[in-house]
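Report on the structure given below.
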Amino acid sequence: MSAGEVERLVELSGGTGGDEEEEWLYGGPWDVHVHSDLAKDLDENEVERPEEENASANPPSGIEEEAAENGVAKPKVTETEDDSDSDSDDDEDDVHVTIGDIKTGAPQYGSYGTAPVNLNIKAGGRVYGNTGTKVKGVDLDAPGSINGVPLLEVDLDSFEDKPWRKPGADLSDYFNYGFNEDTWKAYCEKQKRIRMGLEVIPVTSTTNKITVQQGRTGNSEKEAALPSTKAEFTSPPSLFKTGLPPSRRLPGAIDVIGQTITISRVEGRRRANENSNIQVLSDRSATEVDNNFSKPPPFFPPGAPPTHLPPPPFLPPPPTVSTAPPLIPPPGFPPPPGAPPPSLIPTIESGHSSGYDSRSARAFPYGNVAFPHLTSSAPSWPSLVDTTKQWDYYARREKDRDRDRERDRDRERERDRDRERERTRERERERDHSPTPSVFNSDEERYRYREYAERGYERHRASREKEERHRERRHREKEETRHKSSRSNSRRRHESEEGDSHRRHKHKKSKRSKEGKEAGSEPVPEQESTEAAPAE
């Protein structure tokens with residue numbers, strides 16, 4: 001089908017507009033829908049490029065583009081009185097139809113080099129933020145929408161087909177940031193409540209700043225001048241963002257949806273000679289500090305002490321290493337020997353120690369408000385730590401240990417004395433039974449002395465055994481006499497005394513006879529020697 005046939009169709013539809021049959025058949029002006037297949041049949045030799053450019057640059061008023069529901073623009077040809085009356089071929093050649101599918105948001109180029117048409121069709125819905133400046137192309141900051149409905153107002157239950165519930169489906173293809181169906185519903189509900197004003201947002205969150213300072217500060221003057229903070233993310237309450245793509249996200253930025261918190265970071269310099277300590281500082285105005293500490297703030301549970309508030313002023317400050325009272329023994333270790341230090345024992349007159357309690361307590365700085373200590377109700381350090389009982393206990397324990405040591409020493413001394421006595425007795429016995437060394441004149445006399453010593457030892461042992469036997473016998477007889485019943489006590493006593501005296505006399509007599517025999521046997525060799533001398 002050539003371009004001339006198309007022009008004839010347009011001419012016939014315009015020239016016979018008054019015919020009743022054609023009006024009844026075609027309904028008067030009718031739309032000419034030309035498909036993309038006709039563009040391939042156009043003869044390039046019949047139509048010249050300059051005419052196409054003029055036609056595309058100055059389109060007639062009868063051609064209009066209207067956007068359908070699917071976003072495809074359709075060319076609509078309407079007849080006018082001027083076109084219907086003109087019969088010249090030049091006027092017909094000026095009409096040119098551009099055929100093709102136009103997609104939303106992308107530049108379209110005609111088949112014959114016509115000017116591109118860029119249609120940015122946006123569905124109507126709630127507009128967030130400022131709408132004064134219109135952005136060409138796709139607005140990446142605009143909230144998403146599904147079929148013209150804002151993303152947060154879409155009801156997931158309205159979908160008949162839920163592909164994320166199918167087996168093997170990946171939830172990350174349908175929900176971002178780790179959401180699933182249930183958490184997404186809860187998130188949308190919370191955002192809806194925040195927009196309606198039902199969700200309570202803390203008022204102090206607009207002025208809270210969280211600053212993290214790395215490195216230790218040098219002195220108190222430098223601590224007062226904090227480095228300037230860099231605000232990396234600020235979410236105004238009138239603007240609602242669902243989050244930027246990773247390519248356009250600022251480094252270190254945090255997206256907080258529905259919150260109005262300013263999060264900043266302090267970049268501190270690390271000194272070479274100091275340790276790397278991390279210090280978290282909270283900036284808060286002095287007017288926001290509640291000076292009434294009788295009750296905790298309303299956002300703390302009852303019974304839990306607030307963590308960000310300073311300690312109550314009625315407690316004494318904890319002792320530091322430099323100001324603590326000296327010589328307090330740590331738990332589990334005995335104190336140093338000697339009397340306790342006088343600073344630990346409170347006197348009766350004062351009731352306070354002179355060293356620790358006289359110093360002025362430093363006030364607790366918190367923001368711009370300082371909390372002084374109540375010195376009148378603060379008890380003294382010695383009254384808190386009563387060490388007199390501890391010292392008494394330690395002194396008593398030391399005395400007990402000394403007594404035990406003295407007893408052990410006395411026992412050792414008694415044992416040594418007993419040993420010395422035994423040794424002296426043995427020496428005296430040996431001296432009594434042994435002759436003087438001046439008697440030793442010959443080997444024979446030495447031999448004789450040795451025999452005498454041995455005999456004397458045997459004699460001493462035999463006499464000792466006899467004494468033990470007599471003692472046992474007497475003991476047995478005494479036991480027997482006690483159990484006898486036919487004699488009187490006087491007679492028994494008399495007989496026992498007589499028996500004892502008789503035994504003693506007998507024992508002495510036997511002892512004397514033995515000694516006489518030994519003495520008589522010793523001078524026998526001397527008599528023999530004297531008898532042998534005259535015989536010679």
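Cβ coordinates come from backbone N, Cα and C, glycine included.
As annotated in Swiss-Prot, phosphoserine applies, among Ser496, Ser510, to Ser496. Residue-level annotations in Swiss-Prot identify, among Ser88, Ser501, Ser513, Ser88 as phosphoserine. The average pLDDT computed for the region 'Sufficient for interaction with CPSF4' (136-219) is 78.
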